[in-house]
């Protein structure tokens, strides 16, 4: 979970010239639909994906066997530049559930931007597989892969967006509050990163008011902020950003945080801990902030004690973290079904 990158990277595709094949040409076939962020989904499309995830969860938990196997005989590739627990297991599980064969390709397995350009690697892998789950470092990498892939690219995390987690979180909230999200309030206490970028958009599209508390000096990129404000105005939801966790928590039904120190930021640990002083979620904070009586806690994991106290994280009545983690599987199934099996037709 890395801080948002600059608008120039968001608004322009950056194509690396290193090792670029001069003879490469774009295919004339119709371009597939990709999942990059929550910004690209309509309100109805997001709702449909969440509902399909809930459906598959009910089927699996009921012990019903998926006999359709729509991806039978097809390979689903997972290109991961970063290590992962939930994303890898859920993506491979989703492919297997739909009858496909998952193929994991880590940074030590392929020549991803090292001895071969990202352009050439994407062209080759997409010619052999049905789809690509891409967990990469830079948002520009996702943009470049989408530009040159002949199959759907599913953003499994980049430094700006995390759409699979956002779909998961809306599913978790919906099933925890009487199968509805309308009129709820979500409080985010933590960093400005890829998780809240997509969760904020998804929540506002789902009828959830959003209040965000971040340390002084941290800012959202304008593309995210302007998109969130536009959605808020259109959908009748509210967005508030503050530096005070107690202010954000006031009246919140859902309290969410995430890691403060992402992969690759380990050298910044001491600086980060100082920056986030007073941001650990405790029951005292929740009480002082006057959260709603039915408040629940969420965290996409992995979790560290400085982010949230054990009394909150392991509270079986309040904490949804393990249900949330399991729901990653059903979100991945819904996305794979929607973007690969149904070729991006979500409604």
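First residue shown is number 1, and so on along the chain.
A Cβ is built for glycine as well, from the same backbone N, Cα and C atoms used for every other residue.
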* Asked: To which of 52, 269, 328 does Swiss-Prot also attribute binding of carbamoyl phosphate at the site defined by 84, 85, 86, 87, 135, 162, 165, 300, 301?
  -> 328
* Asked: If you draw a 10 Å sphere on the Cβ of residue 165 (carbamoyl phosphate binding site), how many other Cβ atoms land inside?
  -> 27
* Chain-mates of 84, 85, 86, 87, 135, 162, 165, 300, 301, 328 with C-beta within 8 Å of site centroid, carbamoyl phosphate -> 90, 156, 157, 164
* Nearest to residue 165 (carbamoyl phosphate binding site) by Cα, among 194, 258, 300 (recorded positions)? -> 300
* Asked: If H, G and I count as helix, E and B as strand, and all else as coil, what does DSSP give for residue 135 (carbamoyl phosphate binding site)?
  -> strand
